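Asker: What follows is a single structure, and I will ask about it in a moment.
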C-alpha cells in the first residue's frame, strides 16, 4: 500500500460539511417541498436526525477497524473473493454517484446560466480541475477546503441576511395540516441523497490524524451540513412559498434571484452562485477521489494516481449517457436512489458490523491470545 | 470526425504521460487497470461523439430493484 496521507480533524469536519451541502443545496428544497409542501422544514429535521444516527453507525464501524478503509474492512471480514466482489460493487456505487454529481452540475449550469453552451464543455472543464486535484492527494484537497470554507459560510450568511426582509410568515402556515405521513414520506429521498452517501467517507476516515477527534468531527460536520440544508429549505418556503419551491427544480437559485438591496442592487445570483460552484466542486472531487481510491484498493494496486486521468476520460461519456434529461434524473433520485443507497449505506455496514462483532466475540471466547 | 481525432490524440497523450512511468517501474497490474479504463473511456467517448444512442446504466439499477 502507498504511504498514507494525513488530514487534520478540523479539515475532515469541513470536508464532510461541504460533501453534505454539495449538490443537495440546489435540489433538496424542491424535492422536500414536492410532497411535504409547507412542512418541508420538518422533513429536513427528520432527515437530519436520521443522518446523525447513520453517522453514529459509520463511526462505530470506523472505530471497530482502526486504520482500515472500507475496502480493507470488506476484505478482512468477507475474505478475498467475496470481499473483492463487494468492494467492486462499492466502487460501482461511487462511480455512479460521481457521474450523477457531475451531471447535476452540468444540468444546473446549462439550464440557469449558460443556455447556449454544450453540456460536455462544462463537464470537461470541471473534470480537468477535479482530476488534477485528485492527483495531488487527499491532504491537498483538505487544505483547499480550509481555504474555501470561510468563503462559503460567509457568503451563505450574507445570503440568508439579505433574504430576511423577504420573509412572509403566512407561507409556512398551516403547520402539519395533512398529518405526518407526507412529511415522513418526503424525508426518505432526503436521507438517501446526502446522508447515506456518507458511507463512502469511511474510505478517508482512517486518514484523519486523531481517531478520537475524527469521530467528533464526523458528527459536527454532518450537523453543520444538515443545518445549512435545513436553513435553505426553511428560507425557500418563507420566501417562495411551498408551491413555487416545489415547482422550481433549483429552488435555491430562484431564491438568490429575489435578493435586492434598496431598488438598485438586484440580480446578484451569480455572486451567490459561488457557493454552489465551490460546494459542488468539493463533492465532486471527494467522490472522484474515493472512486479512484476504491478501485485501486479493490485491485490491490500500489498507487491510485495513474488511474485519475483514465477515470476522468471514462466519466465524461458516462455523464452524458447517464440520463436522457433532467426529469429522468430527478425521478431516479427520488425513487430508485434511496433504495440503492440504502443497500450500500445501511445494509452493508450493518452486516459488516454484525459479522465483525460475532467474530470478535467468538475469538475472544475460544482463543483469547488471538483476540488482541 | 474531428472529435474522434481529438479523443484519440488525448488518449495517446495520457498513455505517453502515465504509461511510460508505469512501464519503467514494471507495475504490470497498474498498467493493466490503466489500459482497461482508458480503453473503455476512449471507446465510450467515441461512441457518444458519433451520436450512437447508449441506454443509461441507471435503467439496470432500476430493473434490479424492480421499480
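Cβ from N, Cα, C; glycine included.
According to TrEMBL, the protein carries these features:
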- A:12-34: transmembrane segment (TRANSMEM)
- A:40-61: transmembrane segment (TRANSMEM)
- A:81-101: transmembrane segment (TRANSMEM)
- A:121-138: transmembrane segment (TRANSMEM)
- A:150-167: transmembrane segment (TRANSMEM)
- A:187-205: transmembrane segment (TRANSMEM)
- A:217-240: transmembrane segment (TRANSMEM)
- A:270-295: transmembrane segment (TRANSMEM)
- A:307-330: transmembrane segment (TRANSMEM)
- A:336-357: transmembrane segment (TRANSMEM)
Asker: Under an 8 Å Cβ to Cβ limit, what residues of the same chain, 6 or more beyond the ends of the transmembrane segment (A:40-61), are close to it?
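Answerer: That would be 20, 28-29, 32-33, 73, 172, 175-176, 183-184, 186-187, 190-191, 194-196, 198-199, 201-202, 205, 215, 218-219, 222-223, 226-227, 229-230, 233-234, 236-237, 242, 245, 345-346, 349-350, 352-353.
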Asker: Answer yes if the transmembrane segment (A:217-240) and the transmembrane segment (A:81-101) have at least three CB pairs under 8 Å among residue pairs 6 or more apart in sequence, and no otherwise.
Answerer: no
Asker: Could you check whether the transmembrane segment (A:187-205) packs against the transmembrane segment (A:336-357) - three or more CB pairs closer than 8 Å, residues at least 6 apart in sequence?
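Answerer: When sequence-distant Cβ pairs are counted, the transmembrane segment (A:336-357) touches the transmembrane segment (A:187-205), since at least 3 lie under 8 Å.
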Asker: With Cβ-Cβ distances below 8 Å as the criterion, list the same-chain residues six or more beyond the ends of the transmembrane segment (A:150-167) that contact it, or say none.
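Answerer: 18, 21, 228, 231, 235, 238-239, 255-256, 258-259, 261, 271-272, 274-275, 278-279.
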Asker: By Cβ distance under 8 Å, which residues at least 6 away from the ends of the transmembrane segment (A:307-330) in the same chain are close to it?
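Answerer: Contacts of the transmembrane segment (A:307-330) (Cβ under 8 Å, skipping residues fewer than 6 from its ends): 27, 31, 95-96, 98-100, 102-104, 106-107, 111, 119-120, 123-124, 127-128, 130-131, 134-135, 249, 288, 291-292, 295-296, 301.
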Asker: Cβ pairs under 8 Å only, please: of the recorded stretches A:12-34, A:81-101, A:121-138, A:336-357, which one is richest in them relative to the transmembrane segment (A:270-295)?
Answerer: A:12-34
Asker: Go through the chain and flag residues at least 6 beyond the ends of the transmembrane segment (A:81-101) whose CB is under 8 A from any CB in it; none is fine as an answer.
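Answerer: For the transmembrane segment (A:81-101), the list is 22-23, 70-71, 74-75, 197, 200, 280, 283-284, 287-288, 290-291, 294-295, 297-298, 315, 318-319, 322, 329, 333, 340-341, 344, 348.
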Asker: Would you mind listing the long-range same-chain contacts of the transmembrane segment (A:12-34), meaning Cβ under 8 Å and 6+ residues beyond its ends?
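Answerer: Those are 40, 43-44, 51, 101, 104-105, 108, 141-142, 145-146, 148-149, 152, 186-187, 189-190, 193-195, 197-198, 201, 204-205, 208, 214, 217-218, 220-222, 224-226, 228-229, 232-233, 236-237, 242, 245-253, 275-276, 278-280, 282-284, 286, 330, 333-334, in sequence order.
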Asker: Any residues 6+ beyond the ends of the transmembrane segment (A:121-138) with a Cβ under 8 Å from its own?
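Answerer: Long-range Cβ neighbours of the transmembrane segment (A:121-138): 5, 7, 102, 105-106, 109-110, 114, 144, 204, 207, 281, 284-285, 288-289, 292, 305, 308-309, 311-312, 315-316, 319-320.
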